[in-house]
Amino acid sequence: MSLARPNARLLSRTNRVFSSQIRTYSAPGDGVIPPAKKKYVPTSGTYPRGFKVGSAHVGVKASNTRFDDLALITSDTPCAAAAVFTKNKFQAAPVTVSRDLLKERGGQGIRAVIVNSGCANAVTGKGGIEDAKSMAKHTDACFTDSPDSPDSPYRSIVMSTGVIGQRLPIDKITSKIPTAFANLGDTHDHWLGTARAICTTDTFPKLMSKTFKLPSSDREYRIAGMTKGAGMIHPNMATLLGIICTDVPVAYFPLRRILASAANKSFNSISIDGDTSTNDTVAILANGAAGGDLIDTKFHSDFESLKQVITDFSIDLAKLVVRDGEGATKFVTIRVTNARSITDARRIASSIARSPLVKTALYGKDANWGRILCATGYSTARNPAVPEETSVSFVPTDGSEELKLLVNGEPEQVDEARAAKILEAEDLEIKVSVSNTPGKDTWFWTCDFSHEYVTINGDYRT
């Protein structure tokens with residue numbers, strides 16, 4: 001039996017389609033920001049008092065021969081600090097070391113965060129733990145003030161990101177920590193350069209800053225944050241790497257409560273590919289340099305206002321990660337309404353957000369709402385969607401009327417031309433109402449899957 005000969009014209013056309021979608025993988029922090037992403041990179045900022053940041057080139061990853069891959073964030077004075085970490089069972093060495101030092105210190109007296117990109121220091125055994133401790137120890141040594149005692153816990157939080165299962169070139173890293181310290185500064189360029197140094201497959205540095213006031217006074221406070229992540233993003237307590245700094249005077253216990261709440265509504269509400277990293281960490285440092293009354297309990301008059309500020313700020317930071325999803329062409333908001341509980345709503349939204357079939361349909365601009373319904377139906381919600389009461393819509397971002405796809409379990413006659421127009425946009429919303437009984441709503445943010453995602457991750461270790 002003979003095989004059919006391939007259609008040369010079809011093969012040629014297919015190759016052109018694939019080659020037009022794939023970009024060459026480049027070294028972390030190479031500065032080549034896609035034109036469409038430049039609008040997300042700030043050209044200026046107002047940064048919290050008493051913090052300085054800097055970076056240095058180590059060459060952790062062999063392909064990175066000249067771009068900074070070691071980042072240092074410091075405070076002139078000791079900070080209250082809190083963090084949320086991954087729940088992946090294979091937790092990276094820096095996660096273990098940082099969690100332990102925060103616990104031993106009671107979230108007090110933290111001076112710095114040290115971050116390397118290019119190697120995750122995950123699944124590296126006892127040697128990896130010692131390497132993470134060495135990073136903390138060498139960072140602590142840069143400060144001239146004496147620690148509480150020779151046996152005091154480390155004062156520097158450690159983060160790593162990159163390839164799993166490989167040991168750090170620890171001597172190279174520790175030899176460059178003094179260089180990063182010497183490069184410290186408080187200008188916008190310092191902050192932007194440091195945000196770039198924590199990148200891996202990111203196409204742009206993710207940095208934000210803002211000023212705000214609290215009800216108790218007219219004093220101006222400041223907050224700044226940087227984050228990294230473009231792949232292996234799916235929430236489980238925290239996700240990716242994030243560092244937030246503020247000059248508000250706030251004690252550890254209320255700060256920890258605020259971060260836990262903020263992370264749940266932001267970093268825990270995004271998904272790029274459904275993978276939860278071994279290294280996920282989001283930390284917040286508060287040095288009180290702006291002065292004012294110390295927020296020492298959750299009953300303080302400024303507590304709720306500060307929680308809202310940090311939550312909104314965290315949501316905006318988390319959205320930047322989704323906008324830089326590996327190979328992504330769309331930013332998608334998933335809104336689930338009328339669920340029996342917030343947990344149910346989040347599980348349904350998460351199920352839709354991580355569905356490869358939903359994400360590839362969005363990339364192909366295909367209004368295949370059946371895939372959305374399928375993901376809704378197999379979610380792990382304790383109280384699932386009511387099939388005969390479920391409705392699905394596309395909501396355009398231009399303010400025009402939503403396009404109903406399914407109403408009370410009955411398919412609508414879809415205007416395919418309008419659906420295609422909505423799906424052409426960079427931003428869109430998928431709205432899923434899971435019953436007709438008023439209930440709980442939630443938001444989740446995700447992106448599409450393109451050919452480029454496969455290319456980047458097939459080539460990640462090189």
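Cβ from N, Cα, C; glycine included.
Here Swiss-Prot flags Thr200, Lys228, Thr239, Glu326, Asn457, Thr462 as substrate binding site. Per Swiss-Prot, active site, nucleophile is recorded for Thr239.
Mapped onto this structure are the features recorded in Swiss-Prot.
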residue	record	DSSP (3 states)
Thr200	substrate binding site	coil
Lys228	substrate binding site	strand
Glu326	substrate binding site	coil
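Around the Cβ of Thr200 (substrate binding site), the number of neighbouring Cβ atoms within 10 Å comes to 25. Taking a C-beta cut-off of under 8 angstroms and a sequence separation of 6 or more, Lys228 (substrate binding site) has the following same-chain neighbours: Ser117, Thr161, Ala195, Ile198, Cys199, Thr200, Asp202, Lys206, Leu240, Leu241, Gly242, Val321.
The Cβ neighbour count for Glu326 (substrate binding site), using a 10 Å radius over every protein chain in view, is 26.
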